[in-house]
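Per Swiss-Prot, the features are:
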type	residues	note
MOD_RES	1	N-acetylmethionine
DOMAIN	4-134	domain 'Galectin'
BINDING	69, 70, 71, 72, 73, 74, 75	beta-D-galactoside binding site
């Protein structure tokens, strides 16, 4: 996927929210929002796929530790439409990561037990309009 926005040296604590607002491209194949320590250590890889990597209208979540991907977790809900404007809110605690989008909340285990988010990256067919930390 094409590298997009990358933010480093963050200090997002448990219970705080990372909000990413933007627009899904009208011909989107997929995009991802990654949070964690750095590009090789991710608490969450959140990857809505319209039509890529053999998946159609599927949200794939995963973690990455020292450059090695964990087991993919495919979600049944797919609340995204090509061309839509969307706000994605990511929060976490010691046990899990929550991703809130309009109409759906996704949950994924905090497999690495990470205690803060230091890194955010948005890749693929998504145009970032705003980022907010709260």
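In case you wondered, yes, glycine gets a Cβ from its N, Cα and C as well.
For residue 69 (beta-D-galactoside binding site), the count of additional Cβ atoms within 10 Å of its Cβ stands at 11 [all protein chains shown]. This prediction places the mean pLDDT of the domain 'Galectin' (4-134) at 96.
Summarising the environment of residue 73 (beta-D-galactoside binding site), the number of other Cβ atoms within 10 Å of its Cβ, over all protein chains shown, is 16.
In this structure, 71 is the one among the binding-site residues 70, 71, 72, 74, 75 with the smallest number of other Cβ atoms inside 10 Å of its Cβ.
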